[in-house]
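Annotated features, as they stand in Swiss-Prot:
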- 1-23: region 'Disordered' (REGION)
- 37-68: region 'Disordered' (REGION)
- 37-55: compositional bias 'Low complexity' (COMPBIAS)
- 196-216: transmembrane segment (TRANSMEM)
- 238-258: transmembrane segment (TRANSMEM)
- 320-340: transmembrane segment (TRANSMEM)
- 425-445: transmembrane segment (TRANSMEM)
- 456-476: transmembrane segment (TRANSMEM)
- 537-567: region 'Disordered' (REGION)
- 593-600, 1244-1251: ATP binding site (BINDING)
- 842-862: transmembrane segment (TRANSMEM)
- 853-1166: domain 'ABC transmembrane type-1 2' (DOMAIN)
- 922-942: transmembrane segment (TRANSMEM)
- 1014-1034: transmembrane segment (TRANSMEM)
- 1108-1128: transmembrane segment (TRANSMEM)
- 1210-1444: domain 'ABC transporter 2' (DOMAIN)
Amino acid sequence: MKYNNLENDDSDIHNNNNNNESEGDSLIELEEINLEGNNNNDINNNNNINNNNDSLDYENNKGSKKKNNKKYVILNEEEDINDKKVENGENETSSFTYGHDNEFKDLPLPKKGFGGLKSLEENANFLSSMTYLWADKFVLYCFKNILQLDEIWELASYDKSSYLFDIMDKNWQNELKNSKKPNFMKAAFKSFGKHFALSWVHFGLNVISQFIGPIFLKKIVSFVIQYRENPGSVDPNLGYYYALILFVNSMLGSIFLYQSNMITSRTGNRLKSLIVLYVYKKSLKLTNSSRSKKSNGEIVNLMSNDAQRLLELFQMVNTLIFAVPMIIVSMILLYDCVGWPSFVALLVMGISLPYSLNRGSQLSIYRRKLVGFTDQRIKVVNEMFQAIKTIKLYAWEDYFSQKMMSKRGEEIKFLTQFVRFRYSLIVVVQSIPTIISIFMFTVYYLVNSKLPADKIFAAVAYLNIIRVPFTFLPYGYNIYIQFKVSIERVVNFLNMDEINQGDDKNNEINVNVCDQQKQQQTDIGIYMDNTTFSWAIKPQTNPPPPRTTPSNDKSSPSGNNSNNEKKEVQVSFSLKNTSCQVKEKGSLLMVIGPVGSGKSSFCQALLGEMELENNGSLRVVGSIAYVSQSAWIMNASLKDNILFGKEYNKERYEMVLNCCALLPDLALFPQGDLIEIGERGINLSGGQKQRVAIARAVYSDSDIYILDDILSAVDAHVGKHLFYNCIKGILKEKIVVLATNQLNYCPYSTQTLILKTGGEVEQYDTFENIISTINSAYGNSSLFSELLKQYAHMAGDSDKDSDEIVDDEMIKSKENNNDLYDGKLTTIEEREEGSVSFKHYMYYVTAGGGFLFLIALLGYCIDTSTSTFTNWWLSNWSSKHTSTGINNNNSSSSNSISSSSSYIIDSLSSLNINEDGDIENAGEFLGVFIAIGVLTVLLIIVRTIVFFEYSIRATTEIHKRLFWSILRAPMWFFDTVPLGRILNRFTRDTDIVDMLLTNSLNQFLNFSTNCIAILVIISIATPWLLLPMTPIIILFYFIQYFYRRTSIQIQRIESITRSPIFSHFAETLNGVITLRAFRKMGENVLKNQALLDDNNKCYLTLQAMNQWLGLRLSVLGNLITLLSCIFITVDRSSIAIASVGLSISYTLSLTTNLNKATQQLAELETKMNSIERISYYTENVPQEPDQIIESNRPPMGWPSLTNSNHTPPIIFENVVMSYRQGLPAVLKGISFEIKAGEKIGICGRTGSGKSSLLLALFRIVELSSGRIIIDGLDISKIGLKDLRSQLAIIPQEPVMFTGTLRSNLDSLSEHTDSELWDVLKEIQLYEHVKKVSVADEGLDLRVNDNWSQGQKQLIGLGRALLKKPKILVCDEATASVDSLSDELIQRIIREKFKDAIILTIAHRLNTIVESDRIMVLDSGSIVEFNKPSILAQNENSLFNWLIDETGTQNSQYLRSLIKH
């Protein structure tokens, strides 16, 4: 626990005894505690334990330890803090803790809202379930409160992903075994067939109710006609009966519909979740060759967009399934109404069908291409923002923005084609009902010379039924096409080869091992017999021609490689004919060799990651702990990273912290080991990340430890501590495989494996037997031989440990942790409250062009008006015949339309009817009817084209704004925002804007304008209906208002719960080798399931709210229909027959249109949540200063560094820097000058400020005060690109990007091929490139993840050589290379940059002792800055102390290198 205030007499902390982890103790650092007046806080100390192998003494149980005037106190949490007493404490209040992940995790805190309760739906009775009454109190709660995730009830047991997976996996495994072409959906139907069937039954009953409605509409119209003809022959109450039957029928239909919707949504979400889970599990098992075919971005796309396609399909699957039956039944009933003219409708649909099918097939083709380009875009985004710091340091923003825009441009090109085909299909199907109406009624009139009202309006009702499936058919077919492509991609991924690492239960890795070998090799150990392992990579397409002159083309040289995945996988690096056997406890196998020899590959071969190429065998028996060269860190607390799912054991935990030298680090953290490390360990230095990874391995208490160059990321002193206290200490009884460049530890090995360039084993023997013949391992290199012999003699020196553990890399943590007083680095994801703001709608409207949107909106209004006017004209036409045939004497009072709106009738036409009842000007009437229909179709075409153009512009502009906003964000933004959260904007949110938002907006505008038109028609036809409709409309408003306040909150939470799924997935992909080595795949699958369940409970709650709303709106719509029928029955003697049919037909469709309009509004709001999230980033993310300031650009040749004006080239003047405003300074008034050509070495104690100095120079962090001057220019006054492009850095953690070797060396295409080859020769990668090139790829060799860290650092050096900078920064540039390569790099830097200013930060003092001056930093200030010879002679110098700490012989060697 953390106790921030120990000075309060009344402090009282209650602990939960049920917390399993609270059984241990908490280690708290008490510094300078004020004891005055605090007699109750007295802590007794006892049981001191000293560890001779380490300078860090700690006390067990209630003990204490002094170090640097700090006291470490162990508290037993079962005792109250007030019962402790502090002895000899100093006056300081900072503290740190370890041992308790969450002190209040298991406390029975009261749950707010419905949190922790069983699902309300699961507990609902039959009536409540059918009518969604159970959701009423939840809607009311959301209306009054701001909803939080923990206030939503628990997910129902039958919706939990683990339960669903168990059901599905049986059928999927059978499908894989028994089918040549496994069908995921077939397995899904077997698993959830009853749910599909139940949904179809409910929807089918709803469809039946839809067809019953027009039947009773016809009966009501007939009732009025018969009553008018002969009142005595008809029961006057018959109209009320029909009205009641119509109401009950509509109510039952609504109940069935919304039950069907909920079942379908639940089933679709289940399958979507299963796809996400299957993709996640599969990504944990892919072989290297399979993995090389799929980038992280492509796999993320499967989880986000492809899984979503299935969910979208299920939202309209019932409409799609019943579309054809509904059309067929409608045609039969239509034939019953109008006779053979109904075949005109069939003919029109038959003609349009081939066109629709053709468009559908084109949609499928373009969707497949579009998905491929989407994968490429996401791949670039993922890679960019994972390496954003490198991109900023190299000033590569423009290059990567062009690369990104190129990918997005290709995606938009196919998106445009896709949307064009989709909208052309929409135009056809939306126009078909109008075209059918024109032709059918025209033919009917020409044949029968009349239009009977009862038949015509029944026909109109059936056409309205047809209109719904026809309207949704293009959307549904479009989604089906996308789904078909997506499910094909998912199945292809699930069918990829899986790695076979042996028996998880028995902790074995078996590769090509026979039963006899298993019987012989039963002891814990490593048994490798004549194996040749290889990596597999994707070959490149035909390489471009070589460059003889620098290219002006700044686009990505690897931009046109979208077809690469179709190529066969070819072998790159291989580890040849390797044999070894390690089975004795306490064995230490050391693997050494030059850069690129295969040390890391050997480690991964032992893990079963490489592919066996011959008949050899590998068997690893026992549990394995693995530490990679680049430490993999989880986004969790430091403690969670160490425990890694194992039970907390206080004694071992303390021992691990001690031997991994982590105790001093905990002193820097406000929350000790509870500190949140951050994504990719961003909150820790390289050395700290490595030590946390080592601590994780040590705590696991495994049988075999595979350690890949773990000492490179720490300084020599900490390296010694780790070697003697971990490898030769706590792990002395374990089998350890250590790949290393630290040759001074070779004498301690029991076996040594020497690899040479190309992956061949040079020697495998004891170190003593090897030392005499070592020269041959490196081509008889006398330099390497001398170094190895020197290290062998120095090894004895290393036994001595000092009283201090000083990790130079620890600085970063202290600097970063000024940012972390609460121990939290990752920010909480932003979330707006209330309904979607109007400004977000305007954001979307203006993005596509406000004028275009207004034209489209006007098109919807006019289109709906003309469509409605067509039916009104039809009703007016039929009324002339009906009125003539019934009672000409009542004509003056029978037409309510004329009486209520005579100005409309008078202005439209003046119809003369002859004695036979024929319309004299029928030709004019027919001509107007056709003209209106044609105008309606033309308007549909025009507004669709305009809307299409608008949507493409909008999505293009929004993505551009998002990309540039994040690219220009300061570095702290990426340190505090998880990558998964950023990726979510570029995947799911962008996909919604690209594909779904325009659909929702289109349909909302369509249905809402329909509702307005219907209300206008009803008010004209039956104006007395407006009075009872008013309270219904008011009630309608409040219901939808309550709903929207609920739905938008749930949608926002759903979006937020989606981000951790992506973050966890990205984290898993980066650490999959570590997870497999520790056999932690199962635990991470459980975590994935938990994250899915959180997201699913939000989604299903949202869907339940949708059905709640829909049913209640249906009730209101059905009430309007009931009232309309009642009023018609009451006014049966005077109402116009045309008004009867028009009013009822439109009230019937009003229910559907109101529901659809409100649902689409809700859907639009949920989709607009993506606009909210994107606009938040585009409008609220802080931006870096301008890349270029035209008014203050540096002169050509800047910086010249010629000293022409007699001023130092680099001047720091009173530099003060904080990571953010309001945080403590990490650089405190630093001032110094650097002369032209000077070589400056920078070192210092923990938290000294070295990294901060570097960040200030590159303006990664802006200064709080002071200034930095380079060659006479204040760098804060010039653009970032102008500054950073003139500096060069060789980073500690080098990055190679997807693409070619050429693009990685010369991203800006500024150099010729010959220059690039020359650099490769200088950094000694020329032969390696020639060897691994396929088909003479050369510089166009495609790079992959199999390049070693050392090789990547050499590429970083190559970039600097090509750039020829005036100022070079080396940030531990030789950390991951062997001694020979270290010497090579140092020699190249000395020779090639002899005139440049060089700033070198290093753990290894040998890399800086030959500098002109040494700068020693401490606590953000310069404490020493002088020549190394002067500092080394000063006994009180910190630099002199650091030299002495390397050991007697090594310190003598270092002093011999110092210039005098």
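Note: Cβ is positioned from N, Cα and C throughout, glycine not excepted.
Overlay of Swiss-Prot feature records on the structure.
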residue : record           : DSSP class
Gly593  : ATP binding site : coil
Lys599  : ATP binding site : helix
Gly1244 : ATP binding site : strand
Lys1250 : ATP binding site : helix
*asked:* Same chain only, sequence gap of 6 or more: which residues have a CB within under 8 Å of the CB of Lys599 (ATP binding site)?
replied: Val591, Ile592, Gly593, Asp708, Asp709, Ala739, Thr740, Leu755, Ser1348
*So which of 238-258, 320-340, 842-862 has the most C-beta pairs under 8 Å when paired with the transmembrane segment (1108-1128)?*
238-258
*asked:* With Cβ-Cβ distances below 8 Å as the criterion, list the same-chain residues six or more beyond the ends of the transmembrane segment (842-862) that contact it, or say none.
replied: 939, 942-943, 946-947, 949-955, 957-958, 961, 997, 1005-1006, 1009, 1168, 1171, 1175
*Go through the chain and flag residues at least 6 beyond the ends of the transmembrane segment (238-258) whose CB is under 8 A from any CB in it; none is fine as an answer.*
130-132, 202-203, 205-206, 208-210, 212-213, 216-217, 219-220, 223-224, 227, 1107, 1110-1111, 1114-1115, 1117-1119, 1121-1122, 1125-1126, 1128-1129, 1132, 1148, 1151
*Compute the average pLDDT of the predicted model within the domain 'ABC transporter 2' (1210-1444).*
85
*Within 10 Å of the Cβ of Ser597 (ATP binding site), how many other Cβ atoms can you find? Include all protein chains, please.*
28
*Quick one: give me the count of other CB atoms within 10 A of the CB of Lys1250 (ATP binding site).*
24
*asked:* Among all protein chains shown, how many Cβ atoms are found within 10 Å of the Cβ of Ser1248 (ATP binding site), not counting that one?
replied: 28
*Please work out the number of neighbouring Cβ atoms within 10 Å of the Cβ of Val595 (ATP binding site), leaving out its own Cβ.*
27
*Other than its own, how many Cβ atoms are within 10 Å of the Cβ belonging to Gly593 (ATP binding site)?*
25
